[in-house]
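Taken from TrEMBL, the feature active site, proton donor covers His36. Annotation source TrEMBL lists ATP binding site at 29-36, 148-151, 185-188. Taken from TrEMBL, the feature (R)-pantoate binding site covers Gln60, Gln154. The beta-alanine binding site feature in TrEMBL is assigned to Gln60.
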Amino acid sequence: MVICKTVADLRAYLSSRPRGPRLGFIPTMGALHDGHASLIREAKAGGRFTVCSVFVNPTQFNDPADFQKYPKTIESDILLLEQAGVDVLFLPSVSEIYPTGVVLTKHYDLGYLETVLEGAYRPGHFQGVCQVVERLLRIVQPDDLYMGQKDYQQCMVIRRLIELEQLPVVLVVCPIRREADGLAMSSRNLRLDAVHREGATAIYEALEMIRRRVSEVLAAPLGSAPARRGSGAAPEAAAAPLAPITAEARASLEAKGFRVDYVEIADGTTLQLLESWDGRAPAVALIAAFWGEVRLIDNEVLAPKRSS
Ligand code: PAF
């Protein structure tokens, strides 16, 4: 694996590589785990020449303490990348990425996405994410960009960034990787002590509870709501009211000591928050909660009901 620390070195290396395989890019903030490795595996399985970046981006941390405490494990990161068969590691300094200073120089019109869930709870966060991802994409110039569904809303924001800036790159979203007990893999898990690590699975359990409750309601008989006779219309689908289900999930987390930011179910395509769901269009259940000092997020896509 080649390691490039400057934009000039990376550009020189990439321009001299033989034409052929598409370039797959995996941006990271380090503290790598098997979730990152799964993005690399996906890129390599598709025959991509792979570039991975490790850069802890200061402009996306709305909480300076969170930035200071972000885990840094560059030696084991390099080992993981080498074992995963990454071709190039881009390991820039802050001044390499932000030569004119660490400030937001432009506003991205992210619309509704910036007002809800992570956008509402972490003001400015997605502006910083867009700033660094745009910069990295313009430096690396990949054909394909690999990101994890663990950051569901971030993937939607990046899709919007690509549209806004008309960047010639294909976004590939890869499934969440989980530990054996269900905890979603995350660099922040490194900050959990043994006791908190064990209890952290409650978030996944709450998501699973949501999935089960929603499918129970959708599977229940339609009751006495027949299709209008002679209308030719299909019977109305049962819709699961979601507030009691998300309230139960929130209460179960709070009872265990979590400080919950949100438990919501949203339209899987627009992220509009749903009050009920008829199981037709994809939906997603999303949770963000502090467990001790560490803020964890997770989500689970609720698969649409198959029509019979
Ligand atoms: O998901 C992350 O690790 C970061 O937000 C990203 C995309 C690398 C930008 O800093």
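From the backbone N, Cα and C atoms, a Cβ is placed for every residue, glycine too.
Bear in mind that TrEMBL entries carry predicted annotations, made automatically and left uncurated.
Look at Gln154 ((R)-pantoate binding site): DSSP puts it in a helix. Proximity to ligand 1 (Cβ under 6 Å from any of its atoms) holds for these binding-site residues out of Met29, Ala31, Gly35, Gly148, Met185: Met29. It is 15 Å from the Cα atom of Gly35 (ATP binding site) to that of Gln154 ((R)-pantoate binding site).
Under the three-state DSSP scheme, Gly148 (ATP binding site) falls in the strand class. Cβ packing within 10 Å was compared across the binding-site residues Ala31, Met185, and the lowest neighbour count falls to Met185. Taking the C-alpha positions, the distance from Ala31 (ATP binding site) to Gln60 ((R)-pantoate binding site) comes to 16 Å. Ranking the recorded positions Met29, His33, His36, Lys150, Ser187 by the distance of their Cα atoms from the Cα of Gln60 ((R)-pantoate binding site) places Met29 first. Of Met29, Gly148, Lys150, Gln154, all annotated as binding-site residues, the residue with the shortest Cα distance to the residue listed as 'active site, proton donor' is Gly148.
The DSSP secondary structure for Ser187 (ATP binding site) is helix. Taking CA atoms as the reference points, His33 (ATP binding site) and Gln154 ((R)-pantoate binding site) are 19 Å apart. Cβ environment of Lys150 (ATP binding site): Gly35, Ile176, Arg177, Ala184, Met185, Ser186, Ile297, Asp298, Asn299 lie under 8 Å away, each six or more residues apart in the same chain.
Spatially close to Gln154 ((R)-pantoate binding site) yet at least six residues away along the chain are Glu118, Phe126, Val129, Met147, judged by Cβ distances under 8 angstroms.
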